[in-house]
Amino acid sequence: MAETSVFSIMMLTVMTAVGRGATDRPGRVSRCGERPSANASVTYNLLSRIVGGTSAVKGESPWMVSLKRDGKHFCGGTIISDKHVLTAAHCVLDKNIEYHVRVSIGDHDFTVYERSEQIFAIKAVFKHPNFNPIRPFNYDLAIVELGESIAFDKDIQPACLPSPDDVFPTGTLCIALGWGRLQENGRLPSSLQQVVLPLIEYRKCLSIMETVDRRLAFETVVCAGFPEGGKDACQGDSGGPFLCQRSQGRWVLVGVTSWGLGCARKWVDNILDPPERRGSPGVFTDIQRLLNWLSANLNQDKPDFPTYEVQCSTNDGIEKGTAGEILLPTDYRKYYSNNEKCIWTIIVPKGKHILLTFNSFNVEWDYSCDLDYLVIYSALGRLIGKFCGDVRPRPLLIADASVTLKFISDFQEYKTGFSLFYQAVEPNTYPDSDCGSVAVIFEEGEIQTMNHPHVYSSHANCQWVVHSPANHIIKITFLVFEVEPSEGCIFDRLVVYHDLQGTMVAGIFCGFSLPDPVLSVSNVMQITFTSDYSVNYLGFQAVISFVLPSSPVKSETQWKGNNQPRKNQDAMQHYEEGCGVSPLPPRFIHHNIIKAEEAMPNSWPWHVSINFGNKHLCNGAILSKTFVVTSANCVADREEFPSVGLIVAGLHDLESSTDAQKRTVEYVIVHPDYNRLSKDYDVALIHVQMPFQYNSHVQPICLPDGHSKLEPSKLCVVSGWDLNVELSTKLQQLEVPVLMDDVCKKYYDGITDRMFCAGVIAEEDNVSCLAQSGAPLVCQSDPGTYVIFGIVSWGVGCNEPPKAGVYSSVPLFIPWIMETILSVAGIANTDTEPHHPLIPPDKLSQEKALLPDSPPSNDSSSSQDIYVTCKDVMSLQSPGEIKLVASAQDGPEGGRCQLIFQAPEDHFILLHFKQLSHEHYSLIIYEGASSNKTFKAQLTEEKIPTIMKSVGPVITIEASSTAQDSALHLWLSYSFHNQN
């Protein structure tokens, strides 16, 4: 009877959790794929552009290796264990390589000594036996065994090898590293370089390579790169790592740099170019395809290591019946093999459910279970649990008649494995949930979302019921918490109840802030987790503990909670003071340039929906409290009936606009040169009747200066509700590379100087459907700050083979945009009528009150227009216009002067720059004056803002030169405005 009681409790004690040991042991001295010395806020810049390479940040690549011959770098490599480095086979063809080559790790800049740098001798080299140096296109991989072991620390760590079931989809942005040449036949850099490249579909790569040489056959390669070139690995990068990031953050060695035709050459339309000018994507040796060879050679020095010729050391496959046992390995005295991949599918009679009970469990531990692990999938392929460590997982009740188990082991560290018993049970024996299992917990331990530490599943509906011993209450303490944020937690949520009926709510949680511990009011607690159909994060991990009611409790508020999204307070102290900064920073899970993903709610706070007839028509971006920019083709036919238009800001879900700001359109201003047929000058401004109220969901986007130009392959972001062919009700985001003009013109007729293309030319989803018109394309300027560079104009239809999107180039329209807004506000020409007859004259006074977002008018009736030379200090206390000139004639050592603009105490200053040209002059702008001034900006001819706003009432422009051939011409207007 006692035995039956114990088994009954075991059946009820069901939870989906990562098994772990009783102590928080590291499992290994190192943690592969992590960067301990890198700043937590710093990551590989996936929105950077590199031609041949740009300097990596020291500490970001602790697995990087330099192979040096006679002290000079010639190839790269990657640390994968304390004694092994991976490189390309073609890098280690020297017969006496052990004598001539040394391995340098912890090095970043070759020109300086770094404390982290260590030099190792080579003990042995193992080239893949199928590598052919005459045709070095396949199996280009070698293991370098070091003479001594590496001592891992914060500066030196191994990269992760891929597991057999790692999948990185086409378009995923990955990183290549090396000290290779910055351009074809160019110079070698002194510091480590990095380049961001998207993965190319395998068959697409093969078709490209046929244009290079039809005789080439590729079996073990992975390709990456941009069709228009501009980014690539280059000479000297050979053997270096090509890494992709798992969803939970670890970096995986997907490839080893092998070869490419030229460096960063374009390969789009290769067949049209002469052979000597053709290019190719970057070609990397595919590590995943060579895992078996790696495992066999990395474990040669382990005498007790079991070797198997088959992929799985036991009999896997289909298990049918009402009960049975699965063992790995089959002999309890042995270990499981490294590099194993075993798959079992359990099928019980139709109408039954499956109970899994673990008898033993000992699998290499890792906090994210990425090394060795057992995963369990439902019949529909939904992940139920992922397990590692030496603690037996609790019994799992699978709400189906079929379940799949997969065991994966990596190339090092092996344990005694596991054994489990499966049994068919009646469906109604225990309550099920859509998680595929139910958790009824009687013991202290951990719970977590399915698939943690990977993203949780869509449509989850999970439930845990916790019972504590008599005279105890339950405490849940959160270790990890990342759940899709939303106001009121309406999308994904974790709810804690004080009762089994679900009537006493202890707390509702979502977002990224770690909730406070939650205490029950009795010895029962119910926890539910639900998710909608999209936007999945890492979920939560929490500790369940039992405490006495007399234990100290902060207050009753500790029992309740509502975990709302974090604000980006550091980036934006006040909503009114900035542009292009999201209080809820954007976040990408997949970093894919082909398939869009749902944006984190309100992370693009300038994006608006333009509605006509109560339906979403197209997109736009907020420029000020009263102006929105969009495409002319969106609104050109609606100029005469603007009042039927509605601008919806702060919107994430088109079907749920409860918290959004809705503004009626006052008038529409289409660029006067807009051509309906050619879509040239495809830009328009929309003025709303009532100003937007800036908050965490509604913010303006920054405008670029008129001289800005995007370089090819620059990665930017386009947002919209329709990026993946079908119209999505929730806002999506997609990273897109900017294409070269000639590539764009090859695919589209009618590309003008006011257009550019961005996106991927591939047989995937089109990014420029009709309903996406007007959507903003934004690029990072400073970290966390975005600038609008493009407005979606047109593209091919959604049902055709896609091409890149065509965008109106915003920098070229800056003069028109600013002139229009200024004329409405009455600044640019206060004594003249507005430039656009659609703007009623009686609206000008209303506009003046809306600054600084719409550039304001002067508060003072007096003004001064001054023409001065650069000498001494000049104080300007009335608004007006000034032209500052200087030349070598001003003095034998050039000129030096200060312009101090002094507004009333409660005002700010608006500078409107009209012209700047200088030779050997330094122009610096400061907030404040004299000893109280602080640096604000440095002006150059290439980087001059159209308008600059001060924070306080005083701003200083300092011009200086010591050169005899110096010259300066600065022309600007300035105005003072009330802070209120």
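Any Cβ shown, glycine's included, is placed from N, Cα and C.
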Among Cys312, Cys369, cysteine joined to Cys342 by disulfide in Swiss-Prot: Cys312
From Cys744, Cys769, partner that Swiss-Prot gives for the disulfide involving Cys757: Cys744
Cys779 - recorded disulfide partner, Swiss-Prot, among Cys716, Cys769, Cys798: Cys716
Cys174: disulphide-linked cysteine among Cys205, Cys223, Cys234, Cys244 [source: Swiss-Prot]: Cys244
Whole-number Å value for how far Cys744 (disulfide bond) lies from Cys634 (disulfide bond) (Cα to Cα): 23
For the domain 'CUB 2' (435-547), the number of residues DSSP places in helix, strand and coil: 3 helix, 54 strand, 56 coil
Cα-to-Cα gap, Cys342 (disulfide bond) vs Cys205 (disulfide bond), nearest whole Å: 31
PLDDT averaged over the residues of the domain 'Peptidase S1 1' (50-299): 82
Residue pair Cys75 (disulfide bond), Ser238 (active site, charge relay system) - Cα distance, angstrom, rounded: 5
Sparsest-packed of the listed recorded positions (Ser238, Asn932) - C-beta count within 10 angstroms: Asn932
Same-chain residues at least 6 apart in sequence whose Cβ lies under 8 Å from His90 (active site, charge relay system): Phe131, Pro133, Pro136, Asp140, Ser238, Ser258, Trp259
Three-state secondary structure, which DSSP defines for Cys744 (disulfide bond): helix
Cys369 (disulfide bond) CB neighbourhood, other CB atoms within 10 A: 25
